[in-house]
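Taken from TrEMBL as is:
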DOMAIN    68-178  domain '3-dehydroquinate synthase N-terminal'
BINDING   G105, V106, T107, G108, D109, T129, T130, K142, K151, T169, L170, S171, T172  NAD(+) binding site
DOMAIN    181-317  domain '3-dehydroquinate synthase C-terminal'
BINDING   E184, H241, H258  Zn(2+) binding site
Amino acid sequence: MELTVRTSGTYRIMIERGCMDAVGERAGELFKPGAKAVVISDSNVLPLYGKRILNSLEAAGFSASLFSFPAGEESKRLSSIEAMYAECAARGLTRSDFLVALGGGVTGDMAGFAAATFLRGIPFIQIPTTLLAQIDSSVGGKTGVDLPQGKNLVGAFHQPALVLIDPDTLSTLSPRYFSDGMAEAIKYGCIKSRELFDMILREDVSQKIEELIFRCVDIKREVVERDEFDTGERMLLNFGHTFGHALEKLYDFKKLSHGEAVGIGMVMMAKCGESKGITKAGTANEIIAALEKYNLPTKDEMPAGRVIEATALDKKNSGNRISLILLKEIGESFVDEVFRGSLAELTGVL
Ligand code: NAD
Ligand code: ZN
């Protein structure tokens, strides 16, 4: 399956079992023979797939090397980017050369940011290996790193030159990370597609993984094509994230994974909408059923008042107004800007 994204850069997304082995051939359509490539990957993914990528690039006539960093969100910081710059400079990369991000969202965000800024921008290829990276972070061009003051505070928009999604990589992924990605898949269904939501709820997605990824990526494509720089519609992708981010922070990113927190956030938002008569009755229960199917939590003992208070820390808010993503029903969403003060009334419903 293939898709084309038309933003400031136009690029193809290939979704196919085993397609990572075609990276050399595909890159051959984009870059000159003999170009240099630095493959960036973390300490878990590199031993699993690094050699295959290197072999494919070399067979296609590229001069490729591997660069690895310690796996984990703790690595997503400027010092890692500096190490990547050093590698690119030592290898003498020019703007005719390229980077390859091989790994999850952490790898993609960092390799993308290094590519966005080294020599004021060189191309990069995304080969996402977690479900989250395959359906979300590898598409859309948001790249960046964390600061001690908060997540994703430094970054750039830089679209990839190509995205190769190989669903076979999910066979080595831990079940918790798979569920984490499923929370985002459920989110896509909630905001844009009843059909996708029903597929997730009623069918065995492991048997239809390419179709699942395709449908999710197609929604992301549509949204980022309309709002590449995140000033309007792209906000819909934050459904469940306002309360989700607050929960993640309240637990200092230790108790809940991102997907787990977002899942709980989606249920909270649906309940808020239902209590106001905006969201169709029964929606929260449908989301709960979908989350439970993928072993995701649906509630947390943190008092709702504290979660609401913690939304003040969200970088996406300006002043005393906050943008909430609400559902009319599964498959239909909208952005509602409300006064922060009015959030307090919701404590009772949550
Ligand atoms: P991650 O990259 O840390 O990967 C999760 C873990 O799985 C890591 O330990 C990794 O080594 C391991 N792993 C990856 N692929 C594997 C495989 N195939 N087999 C075995 N192990 C594998 O985390 P993630 O959940 O993929 O991504 C989270 C990051 O993505 C966050 O930093 C978040 O901010 C970012 N993100 C970015 C965007 C965007 O639009 N740019 C969107 C959503 C999330
Ligand atoms: Zn998310």
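Even glycines carry a Cβ here, placed using N, Cα and C.
Annotations in TrEMBL come from automatic prediction, not curation.
The model shown is predicted, which means the values in this text are computed figures rather than measured ones.
Everything TrEMBL records as a feature, shown here on the structure.
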residue	record	DSSP class
G105	NAD(+) binding site	helix
T130	NAD(+) binding site	coil
K151	NAD(+) binding site	strand
L170	NAD(+) binding site	helix
E184	Zn(2+) binding site	helix
H241	Zn(2+) binding site	helix
H258	Zn(2+) binding site	helix
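In terms of DSSP helix, strand and coil, the domain '3-dehydroquinate synthase N-terminal' (68-178) has 49 helix, 31 strand, 31 coil. A simple way to gauge crowding: the CB of L170 (NAD(+) binding site) has 18 other CB atoms within 10 angstroms, across all the protein chains here. D109 (NAD(+) binding site) sits 18 Å from H241 (Zn(2+) binding site), counting Cα to Cα. The average pLDDT computed for the domain '3-dehydroquinate synthase C-terminal' (181-317) is 94. G105, D109, T130, T172 are the binding-site residues among G105, D109, T130, T172, E184, H241 whose C-beta comes within less than 6 Å of an atom of ligand 1, given in sequence order.
Sequence-distant neighbours of K151 (NAD(+) binding site): no residue of the same chain at least 6 apart has a C-beta under 8 Å from its C-beta. Rounded to the nearest whole angstrom, the C-alpha distance between T130 (NAD(+) binding site) and E184 (Zn(2+) binding site) is 12. Distance between Cα atoms for H241 (Zn(2+) binding site) and L170 (NAD(+) binding site): 24 Å, as a whole number. Rounded to a whole number, the distance between the Cα atoms of E184 (Zn(2+) binding site) and L170 (NAD(+) binding site) is 15 Å. Listed in sequence order, the residues L132, D136, A183, K187, G240, G244, G259, A261, V262 complete the 8 Å Cβ shell around the Zn(2+) site centroid, once E184, H241, H258 themselves are left out. A simple Cβ count within 10 Å picks out one of the binding-site residues T107, T130, T172 as the most packed, and that one is T107. Taking only the Cα positions, the spacing between H258 (Zn(2+) binding site) and G105 (NAD(+) binding site) is 12 angstrom. The Cβ of G105 (NAD(+) binding site) has P128, T130, L132, A133, D136, S137, S138 as same-chain neighbours under 8 Å, each 6 or more residues away in sequence.
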